[in-house]
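Before any comments, here is the structure.
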Amino acid sequence: MPKNIIFQGSFLVSGIMCHGGCGFAVQDALSDLSGTDLLPSDAAIDSIDAQPRLGTQEIFVTIRSGEDGFNQDGKHNQAILDILKKKITSIEFHDFEIIDEKNLESENQSKWPNRINILINLVAMFGIFILSLAYPPSLFLTVILTAVTTLTTAYTGRNYLSTFLHNLRNKNINDMSSTVSLGWLLSLIHTLYHSITMPLASSFSMVFMSFIMPVMLIAMVNGMDEIKRLVLQKSKTMHLKGVKSLFPQMAEQYSCYQLSEEEQEKLKLLMGTRSADIDVEEFLIPTQGMLGNDRVMQPKQSLKKGMLIQVNVGDCFPVDCTLIQGSTLVDASLLTGEPQQPKQRMEMIPAGAVNLGQTVTVYVENDSYNSTVNKLLFRSNRAPKASATIADSSKFTSLYISLIIVSIVASAVTPLALGIFTVPLVLKNITGILFAVCPCTIAIAHQLPQLLSIYQRNNKNILLRNENLNTEEIHTVVFDKTGTLTTGKSQVESYVGLNDSTWQRIHLLEKNHGAGHPLANAINRFYEDKIAKSIVFQDISEVVRDPKNRGLSAVVQGLTIHLGNADYMQQSGVVLSDEHSLLIESKSAQGYTPVYVAENRDYKGVIFIQHEPRNDILEALKRLKKEGKTLIMLTGDNPASARAFNQQLSAKAYPDSEETIFEPKNIHAEQQPNMKEAFLRELMKTFEPVPAPKKEGWSASKDAFLRKLRSSWAGVKPVEPKKTRGGVWFVGDGLNDAPCARIVTEENGVSCAMNSTDKAAFFTDICLNGSLAYLFEHHRLDRFFQKNIRQNQGLLVFSAIAFLAFIISFSIAGMGVSPLIPMLIMMSTTGFTLLNCYRVKLSVDDALDKRRSWLREFLVADASVGLGAGASTLLIVGLLISTIMSKGLGLSALTAGSLAAIGFASALSGGLILTLFILTAVSYLIVDQFNPTTGDGAISQSEPSRLAKQEITHQSTNPPAKKDEVFYRRLFSFSKPSDERRVATPSTQPFNSI
């Protein structure tokens, strides 16, 4: 093999890549480069490595050559990389996309564009204000102010403008850039119009409306962009983090023995002849001479089959390997779910396992690309899909644009019909329309609710990885037992037949050879807390571990000790006495695991181990079952152990009945990771595919109401909705659960990790906060922010109708609309929209916090929005009546007649209600500052969310029917009864005491 590295490079590819096909496709593409002008004739691919990163793959390529003096400069390297990228993206049947790494800026770099734009806008507004005060009105000053406004807004809004022009060429203008660009254009027209018709800016209101306001609008848009960036940064803290995040113990380089090609071939041949009955000492004699060779550090991706490497204590094994020198303890639980295991020479160690024992030498079985962990990551990886449309805004857009057009027409037709038409009056009205229509408010109304909902849930330790909305009701929840239903901690519940001397020997054996197994830890903790006798004689020898992980034996203090389950004892020649049979049967029925103890093969007694469920897991499981959800448990335990665990849960949940949490048919034991994947695939096939998104809003509610009404009249029982794949939720914790999470998500179900620290969290849709209670709130919170968007749309329509009413009333009064009116409408609409969006944050607090607040509950209720809108309506009606009667903007006297009295009373009552409403909202904001909500995400599992009280639903029997960093955080933050009647066979759970 040529030894000179002439090329090393890496790049990112997005899209799903399979391990079996895509890696070989990359190799074929790279092979075509050999023999070209860019590479010498003997150039050969040394290594390819790919690290999946949640929808992207980082491809590492190394090319070697034996030609001396061949040096690649940066231009040649870039040319090779460009050709490589082109070949990969042209592979047929593969939807790959090369990611431009220039766009993958660091967080410190990516935060500057918006902040610089906001700073420029603020400086420009301050400069316009100072210039207007420092210099008298003149044509020169107007030209300067116009230039400052135009150039500032064009520069700070350049991204939106360029995107709009690009979309315009593609006939796709239905997005945020179109709204901002239209607002910018209209405000520019207004500025230019005033600069031409009224070149002397003689008043502050004219300076504000013509020059400061356009800059302020773009500043608000940039501010919204910065808020969005912070929210997305918070909600995607694990996105695009590679294997280093999953395996922090994985070193970048490993010490590799320098072997000649002949030595490597001999080693490969030797390892290929191994068998199960070899004499390890004799078999490894040929390798002893190789272990004296010099060592050199090699990057992980350069490791290949046939190499010998050293792995230090605390490091991950980078590749699948066989132990050659030394013995150690490894932790492969992230990959296989198995606890810590001791490894002896000639035993296999999977990639990703952590070396906990000592520095060892291993033989590389596979390169890193073909390692166990890489194959697992490929199976787990998925490309993030574009977010689903939050709400269909096409109807709103049509309605809103229609209202604007009607307002523009009315601003000309109404004065014309009343005989008061003048060009200045019409221009004044049209200009008011342009200012009343605030593109920033439109952006806030449609984007901020979801951003706040995601951000605030993240503050409650509920992390959402997938922003696509799932509106399907939960009907099936699949649990991976270990780490999700249990904490992974066990404790000794009781024991019988053992004296302190026997306990001492048990403790010595488990402490020295228990290897951190949960059962061994439980026994050791019990001895240290309850017995704690000083140990003088610590002699342990002849340790034998059961290959099936059912127990172990050793000579301790001169006596042979056996620990394990019933099968292990019987196979070891230990006769189990019937002395404790009734107690064992009773304890096993309650879910306790019996660990049998024998000395010199004489049965002595039994230790009962209790597996600790997660906190509050029972209440959540009981509520799920009560609501008619199907609960499925997947576990690698044997059937008896799985049934016993179910009995343990059920005995605590239902102490006075025979009801169980999991139905026996829904307990699937002895499930290896690949079997869990197959099970979930088959399970998803039993449900209907998720239908296309249905129309939402009033029309959907109306259709549903009419269907129920027709069914009631016809005396027909409503048809129960079909169960879809979107109603399947999967809850796991380990990396071995990641492929299962992908399967569920790709079928439009929802995958969850119990904690954000779980390795499965990198590949799931939702990271829970250690509790299942969020499952009851997820859809309600999603529906709340969707409803909030529709309410924001209603506020925007309301503001447009209000301004149309002002145009008509002012025209009747023979006046043009005062510039104060559109400014107040714009500011009040923006204020109400922000307040309504803030209710999304409050809805999350109300659902996920233990602390209750009547102020918060009032603001979360839809009545609060109705109250504010009603008060505004009264105020507007009063002003309109007074304007028509008094021929000016103001309130009429009470003595001017009944109509005037009505207008005065409406305006006064509306103003008072609106003031009380604002004071209530401000009061809660102040209280919230001094009483910050907790971040524990605590949810009441025994009662539905307060949000549920806002949704009136009809109940059905089976299944249940549907129920309907500082500034930003502050502003938008954003007893054990037993059941003796239960009978179960004694557990034969594998007792892996190592």
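The backbone N, Cα and C atoms fix where each Cβ goes, glycine too.
What you see is a predicted model, and the numbers here were worked out from it, not measured in a lab.
Residues or ranges marked as domain 'P-type ATPase A' by TrEMBL: 299-376. Per DSSP, the domain 'P-type ATPase A' (299-376) is made up of 12 helix, 27 strand, 39 coil.
For 116-135 (among others), the entry in TrEMBL reads transmembrane segment.
The transmembrane segment feature in TrEMBL is assigned to 141-161 (among others).
Here TrEMBL flags 173-193 (among others) as transmembrane segment.
Within its own chain, the transmembrane segment (199-221) is flanked in space by residues 117-118, 121-122, 124-125, 128-129, 132, 137-139, 141-142, 145-146, 148-149, 152-153, 156-157, 160, 180, 183-184, 187-188, 190-191, 435, 438-440, 443, 819-820, 823, which lie at least six positions past its ends and keep a Cβ under 8 Å from the stretch. Look at TrEMBL and you will find 199-221 (among others) tagged as transmembrane segment.
The transmembrane segment annotation in TrEMBL covers 399-427 (among others). Here the transmembrane segment (399-427) has long-range neighbours at 193, 197, 433, 437, 793, 796-797, 800-801, 803-804, 807-808, 811-812, 814-816, meaning same-chain residues at least 6 beyond its ends whose C-beta is under 8 angstroms from one of its own.
Among the features that TrEMBL reports, transmembrane segment is placed at 433-455 (among others).
Residues annotated as transmembrane segment in TrEMBL: 795-814 (among others).
TrEMBL lists 820-838 (among others) with the feature transmembrane segment.
Annotated transmembrane segment per TrEMBL: 859-881 (among others), in sequence order.
Summarising the annotation, TrEMBL assigns transmembrane segment to 901-927 (among others).
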Would you kindly list the residues that approach the transmembrane segment (795-814) from elsewhere in its chain, counting only those six or more residues past its ends and only Cβ-Cβ distances under 8 Å?
396, 399-400, 403-404, 406-407, 410-411, 414-415, 418, 420, 429, 432-433, 436-437, 441-442, 445, 821-822, 825-826, 828-829, 832-833, 836, 869, 872, 876, 880, 883-884, 887-888
I'm checking region-level scores; what's the whole-number mean pLDDT for the domain 'P-type ATPase A' (299-376)?
83
Chain residues outside the transmembrane segment (116-135) and at least six past its termini with a C-beta under 8 angstroms from it:
141, 144-145, 148-149, 152, 155-156, 201, 204, 207, 211-212, 215-216, 218-219, 222-223, 226
